[in-house]
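Chemist: Pasting in a structure now, in structure tokens, and then I'll have a few things to ask.
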Amino acid sequence: MNRATATINVTALKHNLSQIKALAPKSLAWVMIKSNGYGHGLVRVAKALSDANAFGVACIDEALTLREVGIKSPIIVMKGFYNEAELSQFARHRLGAVIHCSDQVSLLEKTNLTSSLSVWLKIDTGMNRLGFSVEQSPAVYNQLKTSSSIQKPIGLMTHLADADNENKTFTELQIKRFFSVTEKMIGPKSIVNSAGFFAYPNALVDWIRPGIILYGISPFGINYNSFKEKIEKKFRPVMTLSAKIIAIKNRRQNDSVGYGCTWSCPEDMPIAIVSIGYGDGYPRHAPSGTPVLLNGKICPLIGRVSMDMIAIDLRSQPNAQVGDDVILWGEGLPVEIIAEKAGTIAYELLCKITQRVQFIEIEK
């Protein structure tokens, strides 16, 4: 009873992919399942999303895990390869690679592969992280075209740095740069992430790369409301994180609650102790007042988050009982709200769920 539970609704996951495909019917879906499927389970997500056109993972280990469990769909490794041994595995296991630096090009030229490789040339249009500059990209593209180790045509991609910003100036500049530099290049193109998918319909080219929206979470957080209604109407949260009440206490006015005595009862009142803490991945920096959902009603967090427990104010739920489920985020309580309260983003909360949490799959 005292383990927190992450309930993964695989029906919602499939639904979200179908919505993405319906909204971009001319594009193929290269779905992002890196970082353990955004915390939802790498293999679980891949098996549920069998209708995806390709999977995107961060590193070769994630790709090999998918191949080992029988996933045969195209898999593209976003960070590519870094030595000859890895490159050989890419060929052996039919993995696609994002090419973003000259060292990778050199490895391709000097390594004898058993089969040719599917690659995507990453063009840095302003993210300033990975990729070849706009000025370098034509020469690299021409160099890759001559390689017998590479399947043709070569994929062409960029990554948007600021697509979740209501100010569109920089993102429009990135898109303009990408279209300009690739004008004379032949190959499938890919530009948008989840935020770009909604905000920049002109960039819905051959391939789209949905990530956080697959899991029913807005890429805009709670501050950018232009697409709020559309997202809430069409997409469903996949993960619901819950834990049970393990104790109920009646505290007196001015009693403090939790480490550091940071919160005191304003009056005589009931509180509940809930079996979840930062050891499970609940954010330690969530402040008093952060909402949880108990029997359909909001109750506020009180006091500091401990490793294994939190305390909540029961004044609005005086009939709560030990064993009742408390929803920390998910169905009925968007994780974006919790992230905002904790001063972080939903992505981080999802990815920080620990092994102590029990995962359950449902179809609902």
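Cβ atoms are placed via backbone N, Cα and C, with glycine included.
Annotation comment: Swiss-Prot describes Lys34, Tyr259 as active site, proton acceptor, evidence class sequence analysis. Among the features that Swiss-Prot reports, substrate binding site is placed at Arg129, Met307, with the record citing sequence analysis. Taken from Swiss-Prot, the feature N6-(pyridoxal phosphate)lysine covers Lys34, and the record attributes it to sequence analysis.
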Chemist: Could you check the recorded positions Lys34, Arg129 and say which one's CB has the fewest neighbouring CB atoms inside 10 Å?
Modeler: Arg129
Chemist: Give me the CA-CA distance between Arg129 (substrate binding site) and Lys34 (active site, proton acceptor), in Å, as a whole number.
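Modeler: On Cα coordinates alone, these residues lie 18 Å apart.
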Chemist: Just to be sure I understand the packing, how many Cβ atoms besides its own are within 10 Å of the Cβ of Met307 (substrate binding site)?
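Modeler: Other Cβ atoms found within 10 Å: 11.
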Chemist: Inside 10 Å of the Cβ of Tyr259 (active site, proton acceptor), count up the other Cβ atoms and send me the figure.
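Modeler: Around Tyr259 (active site, proton acceptor), other Cβ atoms within 10 Å: 11.
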Chemist: In whole Å, how far is Met307 (substrate binding site) from Lys34 (active site, proton acceptor) when you measure between their Cα atoms?
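Modeler: The separation of the Cα atoms works out to 27 Å.
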Chemist: Between Met307 (substrate binding site) and Tyr259 (active site, proton acceptor), how far is it from one CA atom to the other, in Å?
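Modeler: So the alpha carbons of Met307 (substrate binding site) and Tyr259 (active site, proton acceptor) sit roughly 11 Å from each other.
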